[in-house]
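First up is the structure itself, then whatever we jot down about it.
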Amino acid sequence: MDLFEYQAKKLFAEHGVPVPTGKIATTPQQAREIATELGGKVVVKAQVKAGGRGKAGGVKVADGPDDAFEKASAILGMDIKGHTVHSVLVEQASNIAEEYYASFLLDRANRTFLAMASREGGMEIEEVAATNPEALARIHIDPLTGVDAAKAREIAVAAKLPEAAIEGASVLLVKLWEVFVKADATLVEVNPLILTGDGKVIALDGKVTLDENADFRHPENAELVDVAAVDPLEQKAKEKGLNYVKLEGQVGIIGNGAGLVMSTLDVVTYAGEEFGGQRPANFLDIGGGASAEVMANGLSIILSDPSVKSVFVNIFGGITACDAVANGIVQALAIVGDVSTPLVVRLDGNNAEEGRRILKEANLPVVKPVDTMDGAAKLAAELAAAAA
C-alpha cells in the first residue's frame, strides 16, 4: 500500500526523521488557516499517489495566508496523472542549499535489502539511473545487522555527499531504516533529502510503500487506506477476506487458485470474441475455501456489479472436493436469494461427478453445469452477450 506524502512524513516524524512542519488541508480556507499558524512562506503540495506533481503544477510556494488560499484553490480538484487532488499539504518553506536522494527498498531480484543514495536529488531517480548511473550509489544491507551509524556513513560517503552533510545524513539514514523495518515497508524514499542553509539535513519529501502481507502486525494501517481511491467492491471483498480485483467486462469469474483464475480470464476473453467482445468482469480467487459463506460472499460481491451479466464458476477439486463446492453453491444461492444472473459451473477433479449430481438434483434454473472449461467459457460469454 502506497502512502500519501503527509502520511509518510507523519511516520517519519514518529521515528525521529526531521521533516518540515506542516498540516493537511482539504479546503482553501483550511490552507489559509494553516499558513497563518505557520507564518512566513509556505509550500502547498498536492496529495496524490503519483510522481511529477511539480511539473503538473501541483506544488506551489505561497507568500502568506491569502496566497496559500489562492494556491490551494488552484490545486484542489486538479487531475494529476489520473489522480484527483482531494487534499493538500501546507508546510513551512525550507531554505534549500542542496538536494540529495536516499531510499531503502526490498531488492527482490537479489532477495535482500538495498540502500540507494545520490548527490543528485530532486528529480526522477529513474532519470539519474539512466543518464548518470555512477551518481547513484547502491549498497546491499545485511538484514541481520541492518543500518547502524557506520553503515549509514558508508551509504552517505558512497553517494558522494559533501562533508557538511555526512553527519546529518548518517543520523537520518539510521532513523529512516528504523521506519523501513518497524513499519514493514517495501520502500522508503526521500527525494529530495535536503541540506539547508544552516546545515541541517531534512526529508523534504517522502514516499513509503507498506507490505500489506504484514497488515496483521499493524492494525493501525487500516486508518491509512485511501477510501476514495479504493473500488467499493474491492474494499468489501478485502473485508470478507477475498482476493478480488474488479475488471471492465461482463462475465463474473470465481475460481480456486490464482493460476486457474488467470487461465479462466484468458479463456473467457478468447471465447468472448465470438460474442461481441465479452470480457471478464473480475478476478476472484476463493482459494481452498468453498463453504457456503465464502461462496455467498463471492457471489454477493460479483452480483453487486451491474456490469456482470453472467458468472463463470471454475473449480478444480483437490484438497477442496467438488461436492463440497457444489453444496456451497447451492447454499450460497439460498443465502444470497433472488438471483437471476446465470451461473455457468465447471467442476473437475476430486469428486467432480458427485458435485455435478448435487447441482443437477438441486434443479436451480440459474445454474448451468458444463463439463469442459472451453465449453463453459463459451456459454458464459454467450449468456452475457444475450443479456446485454
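Glycine is no exception: its Cβ is also placed from the backbone N, Cα and C atoms.
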Among Lys45, Lys71, which is the one Swiss-Prot gives for the ATP site where Gly52, Arg53, Gly54, Glu91, Ser94, Glu99 also bind?
Lys45
Quick one: which of Asn243, Asn256, Asn363 does Swiss-Prot put in the substrate site with Gly318, Ile319, Thr320?
Asn256
Protein Cβ atoms within 10 Å of Glu99 (ATP binding site), excluding its own
18
Filter the binding-site residues Lys45, Gly52, Gly54, Glu99, Asn256 down to those whose C-alpha lies within 10 angstroms of the C-alpha of Asn191 (Mg(2+) binding site); answer none if the list is empty.
Glu99
Max Cα distance spanning Asn256, Gly318, Ile319, Thr320 (substrate binders), Å?
11
DSSP three-state assignment for Asn191 (Mg(2+) binding site):
strand
What same-chain residues, at least 6 away in sequence, bring their CB to under 8 Å of the CB of Gly52 (ATP binding site)?
Ile80, Lys81, Glu124
Hey, how far is Ile319 (substrate binding site) from Arg53 (ATP binding site), Cα to Cα, in Å?
49
